[in-house]
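Undergrad: What TrEMBL lists as transmembrane segment is 65-98. TrEMBL lists 257-441 with the feature domain 'FtsK'. Annotated ATP binding site per TrEMBL: Gly277, Gln278, Pro279, Gly280, Ser281, Gly282, Thr283, Ser284, in sequence order. Annotated region 'Disordered' per TrEMBL: 500-597, in sequence order. Taken from TrEMBL, the feature compositional bias 'Low complexity' applies to 555-597.
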Amino acid sequence: MARRPLPRILSNRGAHLARSRELARTAADSATDILHPLITIVRGLRRLASAGRRRVADTPKDRRGALLFLVASVLLVVLLLPYGPLLAAIALMAAAAWQGRDRAPAAPKGPDESQAQRLKSLYDALVPYFSSAGDPDPLYTHGGSWEKAFPAYEFDGTGRITHLVVVYPAYYTDGEAESRARIEHLLAAKSGRGREYHFAWDEEGNQLTVQVLAPLPADIAAQRFVTSPGETVLGFTDPMQVHRTLPLAHGEEQRDVPPVVWRTGIRSTAPHLLAAGQPGSGTSTLLRSVALQALRHGDVVIVDGGGTGEYACLTGRDGVLAVECGLAGVLESLRWAAHETERRLIAANRAHQAGDPPPEDTKRPLWILLDRPSAFTHLAAADGREDPQSLLQIPLRHGRPANVTVVVADQLDSLETLSDAVRQHTRARVLLGPATPEQVTAVLGAPPHTTPLDHVPAGRGYARLGTGPVHRLQVPATPDPYDDTTGADHRKAVLDLLPARSAQGDAQTEPTRTAPESGPVRRTPADATFTDKHSLEKKPVDPATTDRTVTEPYAAGTADTADTADTADTADTADTADTDTAPPEPVPVETAAAESS
Ligand SMILES: Nc1ncnc2c1ncn2[C@@H]1O[C@H](COP(=O)(O)OP(=O)(O)OP(=O)(O)O)[C@@H](O)[C@H]1O
């Protein structure tokens, strides 16, 4: 039966309510303006009445009769006088108006002396940038006044600027990144270092709005986020660009925080992620957070190039297919992942050609998480073996229609060792830790609209999904529960999220922290259960089959191309086309690496 659309009032309830609320507020404001004199008089009458009551109460009982007599006499005289009642009413109203006047001290107009001094010094600092010799009516001149240049400003309790609107001449080159960066740097320095500023350039109105940003909450622990399958919370951001909020538990409290949600899977426009950062900036923590979320609906293969056993807590858990920290195991697992991607593509393609829905065993998301794969690239080169990154080509290029997601984390100064495929196909980007604006631009493909800080808490940085805006990001605290320095609350939060130990995992020994050279420590895809569960053939794939499987669904110009899962199931065809061509953004990362080294 066809579904009937909801009545508009129900489907659009939020907007409707907001409009009604706005109308009511406007009506109330207008009514208050019109009735203001009446309100003042009524307030004054109330004050006079209560003063009278107080007077009566304060008068000793034996003298109240005399007081009453005096009042009654005055009233009588007033009544007898010509125009007495009229004059008395006018006098009463005047007294009430006087008593009812607003006695709150008026807010001081304009800034105080120190604030004015701050604005003046900001103005003076901007003069060299915003003035031109040929300007007949300059807004900025040496010794000029700041009032016209700064139409709006706010200060905090310590006298530092929290909000400022700067008007600048139309000839200023506000479309050029360097010109903007110059002004932003200057304003941030003059308004107080150690805070983050958001800059909004209104090129049409020749106005720049500077806003001080509150620090992002750095104390949110890992937890079960309220998301749909295919959504991963990378962290939390400002409410300015993200209008959705997630209800989060914070100790006993509940609070709503705007998240950065990354969508993966068949319809994703940024199906793979690259996270970069200085050592200790929190990229492994981000990967652990992603893994815990991925395990709710999918399977995970982890490659740990850090060699410190930071993922040992995941070993042997349901859905964790492998935690590899040795070159041999890494190669085997990634080879399997490549074959599994191909198998899924073939199975889905056959189903499409037969007019069937995709088989169930192609739908469960498979995640390949690699922490510092560059470590294995060096090892493989020294050992004369295949670079593990070359095995990522197929999952990266064809992973999206096969529900295979790749997440790579590496240090800023190792980014140049990442393969072209990794750089081209990881369109979701995260940069954690301190970084220059150039590094942010190189990794994310766009500059941040905020001033990067020199000192940031672990897990703080920026995120950009495809060609979207750059978000400030704070990753939820998801520490290694086996680390002795982890606090009890955070350890419990992570342990609570770990899936149960699988039967095979129980049979394994306790995890040990192993250097990359020491070989695989956990289950590998070659294990029997693993093979049965995922119908993986252990024998190497026939090259002829491999060729066919890779080219079949993607071969340009073949008759089958139009039938592929990709074109049939994917809304974003531009992104689909990208599987064989380099996407325009984010940009390569050599510059970032060069900067940091
Ligand atoms: N989001 C976060 N919230 C709180 N603490 C964090 C966060 N991210 C990281 N940390 C802490 O910072 C430290 C370093 O984190 P992590 O190991 O994830 O960094 P890394 O970038 O992987 O460093 P390395 O490359 O040296 O391993 C750890 O003690 C970790 O608990």
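Including glycine, each Cβ sits where the backbone N, Cα and C put it.
Note: TrEMBL annotation is automatic and uncurated.
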Undergrad: What is the total of other Cβ atoms whose distance to the Cβ of Pro279 (ATP binding site) is within 10 Å?
TA: 11
Undergrad: Report the residues of the chain - excluding Gly277, Gln278, Pro279, Gly280, Ser281, Gly282, Thr283, Ser284 - with C-beta within 8 Å of the mean position of the site's C-beta atoms, for the recorded ATP site, in sequence order.
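TA: Going along the sequence, the neighbours appear as Gln411, Leu432, Gly433, Ala458.
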Undergrad: Less than 6 Å between Cβ and the nearest atom of ligand 1 is the rule; apply it to the binding-site residues Gly277, Gln278, Pro279, Ser284.
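TA: The binding-site residues passing the 6 Å Cβ test are Gly277, Pro279, Ser284.
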Undergrad: In three-state terms from DSSP, label Ser284 (ATP binding site) for me.
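TA: DSSP assigns Ser284 (ATP binding site) to helix.
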Undergrad: Averaged over the domain 'FtsK' (257-441), what pLDDT does the prediction give?
TA: 94
Undergrad: Let me know the most crowded of the binding-site residues, choosing from Gln278, Ser281, Thr283, Ser284 and counting other Cβ atoms within 10 Å.
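TA: When each Cβ's neighbours within 10 Å are tallied, Thr283 leads.
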Undergrad: Please report the DSSP secondary structure of Gly277 (ATP binding site), reduced to three states.
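TA: Assignment for Gly277 (ATP binding site) reads strand.
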Undergrad: I'd like the number of other C-beta atoms within 10 A of the C-beta of Gly280 (ATP binding site), please.
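TA: I get 11 for this one.
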Undergrad: Take the Cβ of Gly277 (ATP binding site) and count every other Cβ within 10 Å, whichever protein chain it belongs to.
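TA: Step by step: centre on the Cβ of Gly277 (ATP binding site), count other Cβ atoms within 10 Å, giving 27.
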Undergrad: Just jot down the residues in the same chain as Gly282 (ATP binding site), at least 6 apart in sequence, with C-beta under 8 A of its C-beta; none if empty.
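TA: For Gly282 (ATP binding site), the qualifying residues are Leu432, Gly433, Ala458, Gly459, Arg460, Gly461, Val475.
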